[in-house]
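Copied over from TrEMBL, here are the features:
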ACT_SITE  B:CYS550  active site, nucleophile
BINDING   B:SER425, B:SER426, B:ALA427, B:PRO428, B:GLY429, B:GLY430, B:LYS431, B:ASP449, B:ASP476, B:ASP493  S-adenosyl-L-methionine binding site
COMPBIAS  B:43-58  compositional bias 'Basic residues'
COMPBIAS  B:59-70  compositional bias 'Basic and acidic residues'
COMPBIAS  B:93-114  compositional bias 'Acidic residues'
COMPBIAS  B:123-137  compositional bias 'Basic residues'
COMPBIAS  B:145-194  compositional bias 'Acidic residues'
COMPBIAS  B:212-226  compositional bias 'Acidic residues'
DOMAIN    B:333-620  domain 'SAM-dependent MTase RsmB/NOP-type'
REGION    B:1-196  region 'Disordered'
REGION    B:212-244  region 'Disordered'
Amino acid sequence: MRPLTDEETKTMFEKLSKYIGENIKLLVDRPDGSYCFRLHNDRVYYMSEKILKLATNISRDKLVSVGTCFGKFTKTSKFRLHITALDYLAPYAKFKVWVKPGAEQSFLYGNHVLKSGLGRITENTVQYQGVVVYSMADVPLGFGVAAKSTQECRRVDPMSIVVFHQTDVGEFIRNEDTLT
Amino acid sequence: MGRKFDPTNNVKRGPGRKSRKQQGAENELAKFITDEDTEQKRLSSRGRKRAAKRVQKVKKPEDAAEEKNKTVFTDENSKWLKPATRKRKLDAAESEDSSDEHWEDEEDEEEEEKVEQQQQVKKGGKDKGKKAAKSKIKPVAEEVKDAEDDEAEDDADGAEDDDDDEEMVDDYGTLDDVSGDAAEEESDGDEELLPIERAAKKAKKLKEILDLDSDEDDDDEEDDDKDGEKDEKSDEEDTVQANMDEMDQFRLPGAEESEKEGVLMCVDLKEIHQRIKDNIEVLCNFSTRREEGKDRAEYIALLKKDLCTYYSYNDFLIEKLIDLFPLSELVDFLEANEIHRPVTIRTNTLKTRRRDLAQALINRGVNLDPLGKWSKVGLVIYDSSVPVGATPEYLAGQYMLQGASSFLPVMALSPQEGELVLDMSSAPGGKTTYIAQLMRNTGVIVANDANADRLKSVVGNIHRLGVTNTVVCNYDGRRFPKVMGGFDRVLLDAPCSGTGVIAKDPVVKTSKDEADIQRSAHLQKELILAAIDSVNAGSASGGYLVYCTCSIMVEENEWVVDYALKKRNVKLVSTGLDFGKEGFTRFRERRFHPTLKLTRRFYPHSHNMDGFFVAKLKKFSKCYSIRVRRERRG
C-alpha cells in the first residue's frame with residue numbers, strides 16, 4: 001500500500017471530476033477527519049487516516065481491502081472506476097439520470113438506458129457527460145455517460161440510447177471476483 | 001437474429017413474460033412450419049410402445065403357438081405359469097421384446113410390398129406361416145376389441161410404472177399380486193377412474209382381504225393359489241400379527257428378525273417410523289411400558305438403528321444426538337433438520353429503514369413479516385415472486401440475506417460506536433456488516449478470514465452495503481495476536497462441524513465422525529485463546545469476546561469455553577439474549593464451570609433457526625490465569 005504518485009492522482013481526479021466536478025475537494029477535505037487515497041494491488045482505496053494507521057499492521061500480501069475501493073489502474077495506466085465507488089459518487093454527482101421502474105432491471109443487467117426508459121434527466125447535461133443513474137425511488141443504480149444532451153433527449157425516438165452503461169450495482173453479483 | 005422490429009405492429013402486453021408473444025414470431029414460424037409437419041405427428045415414445053402393444057395383442061395367439069416356452073401369461077398357459085412376483089420388471093421386458101418384434105414386422109411388410117418376388121424365394125416358409133397366423137387372428141374379434149381398450153389400460157400400466165417405489169414399499173406385496181388378477185379384470189370397468197382413485201380402490205380391497213385374513217384364515221385366497229406361495233403367506237401373516245401387537249403394546253423384534261431385516265433390505269419406512277414412535281413412548285416411561293426381560297440398552301440399540309435408517313444419519317452422529325437431547329425432543333430435532341428454515345433478511349440501517357424496505361419488497365411481490373420481537377432489523381420471507389437475492393433493493397445494499405441465527409452473536413457482542421472490533425472468521429460478511437451497522441460506520445472493524453476465496457464475498461458485501469470502516473485481511477486466526485491486538489471486542493465465529501445446520505447441508509449427516517469433531521474442537525481451542533489474546537482487557541467500553549459456532553456438539557461449545565476459562569483470565573457474562581436454552585454445566589462424565597449456564601443454545605426445532613451456540617466472555621486481566629502460571633513455573 002502506498003500513496004498515489006502525482007501522475008496517478010491526476011489521472012484519477014480527472015476521471016472523478018467527470019462525475020462529481022469540483023466536489024472532489026469535499027472528498028479530500030472532510031470535516032470529520034482527514035481522508036486519503038492509497039494504492040494497493042493497482043487498486044485505489046479511499047479511507048480515513050485512522051483506518052490507514054491500523055491497516056499498516058497488516059502485511060501487504062495478507063491485506064485484501066481497506067476502506068472503500070474506488071477503482072483500478074489498468075495496465076496501460078488508465079483509471080477505471082468501480083461500482084464500489086458509487087456510495088461516494090452518488091451524493092456529490094452533478095448530473096443525474098433517473099430511469100423508470102420498467103427499465104431498472106434492464107440497466108442492472110448491463111444494458112444502456114433507452115429513451116423509453118428515461119424518467120428524468122438533469123437540465124443542461126451535455127453530450128458525453130458522466131452521469132449517475134438513479135431509480136425513480138432515488139436509489140443509485142450505477143453510472144454511465146450521457147449519449148445525448150438533454151435537448152436532444154427530448155426529440156429522439158424511444159428506442160435510441162440516451163445513456164451509455166458503464167457500471168451498475170448488478171456487478172456486485174456478476175463480477176464479485178474482480179471487485180478487488 | 002434476423003427478426004426485425006416492426007413499429008407498426010403493436011404487440012399486446014400480457015400479464016407475464018411467458019404469455020407475451022415474441023414480436024413477429026408468427027411470421028417467422030410460418031416459414032418453418034410446412035403442411036407436412038402439421039399433418040402427421042410423430043408418435044411419442046409411449047405412443048410407440050402403446051402401438052407396439054396393440055400389435056402384440058393381435059399377434060398373441062400366434063406367439064403362444066409358436067413359442068411355448070416364452071413366459072407370457074395367457075389363459076392357455078395359466079395352469080403351469082403363475083403370476084410373477086416381480087410383475088413390473090417382467091412387463092417392461094415384455095414390452096421391449098414386443099416393440100422389437102413390431103419393428104421387424106413392419107420392415108418385413110415393407111419389404112414384402114417392394115420386392116415380393118425376390119423375397120419369396122428366400123423366406124417363403126416363414127412368410128407363409130405368418131400369413132396363416134394373420135388369417136387366424138381375424139375371427140378373434142374380442143382380442144381386437146381389447147386392443148381398442150388398450151390405451152386406457154396402458155395408461156394404468158404407465159401409472160404403475162411411474163410410481164414404482166409405491167410398489168416397492170407396499171406392505172403386502174404378495175397380496176397385491178394375488179389381487180392383481182381381480183384388479184386387472186376390474187380395470188376395464190373403471191377406465192374412467194384416475195390412477196389415484198384406482199389405487200384407493202385397490203387399497204380398500206386389500207383392507208377387506210386383510211380383515212378376512214385376521215378374522216378367519218382366508219379361504220378364497222387359498223383356493224386361488226395354493227401352490228408356491230405358502231412361505232410368503234406365512235411372512236405376511238407375521239406382519240399382520242406384528243401390527244396387531246403394536247396396537248396394544250410395543251414388542252421388541254427378536255435378534256433373528258432384525259437380522260432378516262438387515263439381509264432383506266426391503267424395510268418399510270412407515271413401519272420403522274411407527275416403531276420409532278412406539279419405542280420412544282416405551283422409553284419415556286420405561287418402568288410401566290417395558291416388556292419383561294428386556295433392558296433399556298436393547299430398546300436404545302433398536303432405536304438407534306431405526307433412526308439411522310429412517311433419517312439416514314451415521315451411527316456416530318445419532319449416538320451423539322441421543323446423548324444430547326431427551327428422547328422426546330430427539331425426533332423433533334431430526335424432523336426439523338429435514339425442512340429448511342425460513343429465509344430471513346436483515347435491513348441495512350446504513351441505507352434504509354425496515355419499514356421502507358418492507359414496503360418496497362411488498363411492492364415487488366414478496367410476502368414478508370417482521371422476524372420477531374427480539375430483532376428490529378430482521379424480516380422473514382415466506383414466499384416471493386422474484387429472486388430475493390437479486391432485487392434492485394438487494395443490489396443497492398438495502399438488505400442482506402442472513403440466517404436468523406447469525407443475528408444473535410452480533411447482538412450479544414453489542415459493539416459500540418468508535419470501537420475497534422475484530423471479526424476473526426468473517427466470510428461471507430453478514431455478521432461483519434451487521435457490526436458495522438450497529439457502529440454506524442464509525443470506529444474500525446478488522447474482518448479476517450483464513451480462506452482467500454471466501455474473502456471475495458466479504459469485500460463484495462461490505463461495499464454493497466456501504467460499509468467504509470473495515471480492513472479486510474487474510475490471516476490464519478491463530479496467528480492474529482501477533483499481527484495486531486488491543487481490540488475492544490472480538491467476534492469468533494469458529495469453524496465447526498456444522499451439526500446445527502444439517503437442514504442447510506445434509507452431507508453432515510454421514511460425513512462426520514469422532515475425529516472430525518475432535519479436530520475442529522482442537523482448532524477452536526487454539527482460536528479462542530488467540531481471540532482472547534487479541535482483546536484489550538483494559539478497554540474502557542469493551543474487553544469482550546463472543547464465541548459462537550453453528551454446531552450443537554458439547555465438545556465444540558461448552559468444552560471449548562470451559563477450556564478458555566481455565567487457560568485465561570476471562571469470565572462468562574450474560575449474552576443479553578433473553579431466549580434460547582442455557583448451556584450445559586454437566587454433560588455425561590464432564591463437569592463444566594457453573595457459569596456456563598450463561599451461554600445460550602439455539603435449536604432448529606425449538607426456535608426455528610439454525611442450531612447455534614453463543615457465549616460471551618469478558619477479559620478482566622491481561623495476565624494468564626493462575627493455574628497456567630503455576631504450570632509454566634513448574
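Residue 1 is the first one shown; counting continues down the chain.
Including glycine, each Cβ sits where the backbone N, Cα and C put it.
Note that TrEMBL annotation is computational and uncurated.
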Site extent for S-adenosyl-L-methionine, whole Å (max Cα pair distance, B:SER425, B:SER426, B:ALA427, B:PRO428, B:GLY429, B:GLY430, B:LYS431, B:ASP449, B:ASP476, B:ASP493): 20
Integer Cα-Cα distance in angstrom, B:ASP476 (S-adenosyl-L-methionine binding site) to B:CYS550 (active site, nucleophile): 20
The residue listed as 'active site, nucleophile' versus B:SER425 (S-adenosyl-L-methionine binding site) - Cα distance in angstrom: 13
The residue listed as 'active site, nucleophile' and B:ALA427 (S-adenosyl-L-methionine binding site), Cα-Cα, nearest whole angstrom: 14
Cα-to-Cα gap, B:GLY429 (S-adenosyl-L-methionine binding site) vs B:CYS550 (active site, nucleophile), nearest whole Å: 16
Other CB atoms within 10 A, centred on B:ALA427 (S-adenosyl-L-methionine binding site): 23
B:CYS550 (active site, nucleophile) and B:LYS431 (S-adenosyl-L-methionine binding site), distance between Cα atoms, whole Å: 13
PLDDT averaged over every residue in the domain 'SAM-dependent MTase RsmB/NOP-type' (B:333-620): 93
Cβ packing number for the residue listed as 'active site, nucleophile', 10 Å threshold: 24
Binding-site residues compared (B:SER425, B:GLY429) - the one with the fewest other Cβ atoms within 10 Å: B:SER425
Number of Cβ atoms other than its own within 10 Å, given for B:ASP476 (S-adenosyl-L-methionine binding site): 14
Local Cβ density at B:LYS431 (S-adenosyl-L-methionine binding site) - other Cβ atoms counted within 10 Å: 26
B:LYS431 (S-adenosyl-L-methionine binding site) in three-state DSSP notation: helix
